[in-house]
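First comes the structure, then the notes that go with it.
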Amino acid sequence: SIIAEHGSHDIAFPLSPNLKLRSRLKQKVSERRSSPLLRRKDSPITTAKKRSLDMAGRTHTQRYSACNSAPGSGPSSPNNNSISNIPNENGVTVAVSNSMDVSLAQRLCGGELSQLSLYTSPSLPNITLGLPATATSASNVRLSLRGQHRPLGRTQSAPLPQQNAQALQQLVVQQQHQQFLEKHKQQFQQLHINKVEEERWGGGREGRGRVWPGGYVCVFVNNPPTGTLGTGSNVHVGNMRVFITMHVFVLMSLVIPAGLVYDSLMQKHQCMCGNTHTHPEHAGRIQSIWSRLQETGLRGQCECIRGRKATLEELQTVHSEAHVLLYGTNPLRQKLDCSVTPMLVRLPCGGVGVDSDTIWNEVHSSTAVRLAVGSVVELVFKVATGELKNGFAVVRPPGHHAEQSTPMGFCYFNSVAIAARLLQQRLNVRKILIVDWDVHHGNGTQQAFYDDPNVLYLSLHRYDDGNFFPGSGAPDEVGSGPGVGFNVNMAFTGGLEPPMGDAEYLAAFRSVVMPIANEFAPDVVLVSSGFDAVEGHPPPLGGYTLTSKCFGYLTRQLMALAEGRVVLALEGGHDLMAICDASEACVSALLGNQLDPLPQALLEQRPNQNAVCSIEKVIETHSKYWRSMQRGSPRLGLSVLEAQRGDSEEAETVSAMASLSVANKQSRSEEEPMEEEAPL
């Protein structure tokens with residue numbers, strides 16, 4: 001033999017391989033064996049026998065793998081023949097040859113693989129979606145391979161991502177029924193929320209609603225729409241979130257969510273010096289507020305909407321064209337005349353700005369200011385149209401100081417004023433209330449609506465006889481032309497001896513703000529929500545001593561107006577802890593959460609004399625324009641508890657007088673004889 005013939009050579013050189021011998025052996029083997037892809041010459045042209053798919057059989061598995069492997073490879077090599085690989089969600093690929101694909105497919109459909117043992121990994125999820133169920137009465141049913149089948153939902157050969165079965169099922173349902181939901185969206189819009197609320201308190205009849213835990217109402221549909229509804233499908237329809245289930249009922253959320261808007265691009269508006277300590281209005285303000293809302297879980301209870309950049313046309317509803325081109329765009333500045341080019345000043349820190357306080361960043365400021373305006377407009381429109389219940393806009397830079405052609409006080413474009421003007425132009429909103437509780441007067445907002453009787457501007461601010469920035473906002477600034485009386489300045493005078501606090505602001509709300517607002521009866525309430533009146537701000541930036549809890553209660557009072565359509569837009573406020581606490585309190589109030597109670601000492605505290613004099617002057621000035629101001633405020637100098645007791649006593653007196661009047665009318669009607677009707 002060949003091996004014996006070369007035996008002595010192998011012994012002489014035990015470590016040297018005989019390449020020639022190995023080549024001849026390989027050639028003889030290849031001549032004797034044909035390609036495994038071809039059928040054997042001695043076998044008839046018949047269908048291969050159906051092999052039982054016994055995955056537990058070790059010998060059979062090795063033999064099956066070996067015959068499907070490439071020549072010269074082991075059993076573990078990948079298959080090299082014409083095989084249909086059937087992947088499933090468990091990561092197991094079943095190899096089926098052309099001769100047995102029908103048999104194996106029938107076994108798969110018939111459920112004979114239900115007892116298939118799978119490899120279980122302790123770190124990866126084992127998803128059994130797609131495998132037949134275990135032995136049941138339905139396992140004997142054979143599904144025919146012929147006939148019409150449902151179209152495939154996926155056309156890619158890539159494996160499905162590893163996720164739980166519930167998420168996969170929800171994804172499939174959403175894809176299959178998207179067209180159906182769009183088709184019937186108009187039908188669900190006909191469901192009026194008032195009718196659903198009536199069934200919430202009534203009910204009992206067939207086809208009516210029933211309250212479920214979590215604020216949902218189960219509305220039974222007697223005549224469901226045609227088509228197949230997927231379990232767990234959901235769609236937003238108007239003000240309601242509709243959940244569709246298998247022809248049984250529709251679940252609708254009665255609670256419209258509160259909205260939040262925020263964009264991190266607004267943080268890029270900062271001085272080129274990079275020192276935030278020398279600039280009170282810096283990027284950390286909105287970043288800290290947003291982090292607080294995340295930490296407290298309030299962000300998760302709200303619906304976060306996407307902000308956008310305001311268009312140039314939207315900016316020009318309040319500001320001049322030159323102002324918009326100067327600060328809203330960079331490339332268009334060269335087209336302007338040199339006389340209107342902004343005069344930027346060099347700041348002590350090394351940066352530039354339009355004045356000593358209002359910084360300007362040539363690269364990022366124009367984008368940030370337009371994004372702040374567009375975000376406020378987007379949130380206001382969603383609340384005005386009923387898509388959201390109310391909202392809070394975490395935006396910067398502020399805007400209530402920006403006038404028609406003048407940026408000042410950290411402000412470039414007046415976000416709240418632009419939103420109000422667009423509500424008038426696009427949605428035809430008749431009456432808009434703007435409440436400005438920033439410690440500084442909103443001179444830009446007052447200028448924009450000074451002669452407009454459809455916008456009531458009501459500002460609470462530190463005035464000090466015009467000696468506090470910006471110097472405007474006197475009580476006798478009441479408007480002009482048809483807008484006389486629709487500009488109310490609750491101007492506090494007296495300095496910081498003592499400073500104004502919660503008791504003074506609650507008294508102003510009780511005596512001036514809420515009576516005039518209720519008489520005005522607005523359709524939408526916008527709030528220039530500056531928090532620089534909160535304790536913690538130095539005298540040049542505020543100096544007042546309000547608590548953050550107080551702003552939550554002020555927000556709750558405003559929610560009684562305009563059917564709760566209230567939008568707060570961040571204005572001033574520079575102490576991070578103060579503005580975070582106040583923002584948290586306001587968002588909690590917007591959500592309807594339980595507010596922290598005010599201290600007993602505050603409830604029993606009376607407003608200081610400077611505040612009483614300031615409130616009396618406003619009442620005297622506006623008694624000519626508002627009926628609620630004509631009778632004055634007899635409980636002006638009382639504490640919160642004393643005013644509440646007085647209100648309850650007055651309500652009891654009015655109720656007693658009303659009942660007495662009704663009793664007198666009934667007695668008179670009983671004494672007077674009824675006239676007899678003439679006979680026909």
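Glycine residues also receive a Cβ, built from the backbone N, Cα and C atoms like all the rest.
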For which of the residue intervals 205-238, 443-476, 613-646, 647-680 does TrEMBL record region 'Disordered'?
647-680
From Cys302, Cys304, Cys349, grab the residue that TrEMBL records in the same Zn(2+) site as Cys271, Cys273, His279.
Cys349
Quick one: give me the count of other CB atoms within 10 A of the CB of His279 (Zn(2+) binding site).
21
Where among the recorded positions His401, His574 do you find the Cβ with the fewest other Cβ atoms within 10 Å?
His574
Excluding Cys271, Cys273, His279, Cys349, please set out which residues of the same chain place their CB within 8 Å of the center of the CB atoms of the Zn(2+) site, keeping sequence order.
Gln270, Met272, Gly274, Asn275, Thr276, Thr278, Leu347, Gly350, Gly351, Ile359
Between the recorded positions Cys271, Cys273, His279, Cys349, His401, which lies closest to His574 (site 'Contributes to catalysis'), Cα to Cα?
His279
Inside 10 Å of the Cβ of Cys271 (Zn(2+) binding site), count up the other Cβ atoms and send me the figure.
21
May I ask for the distance between His401 (active site) and Cys349 (Zn(2+) binding site), taken between their Cα atoms and rounded to an integer number of Å?
23
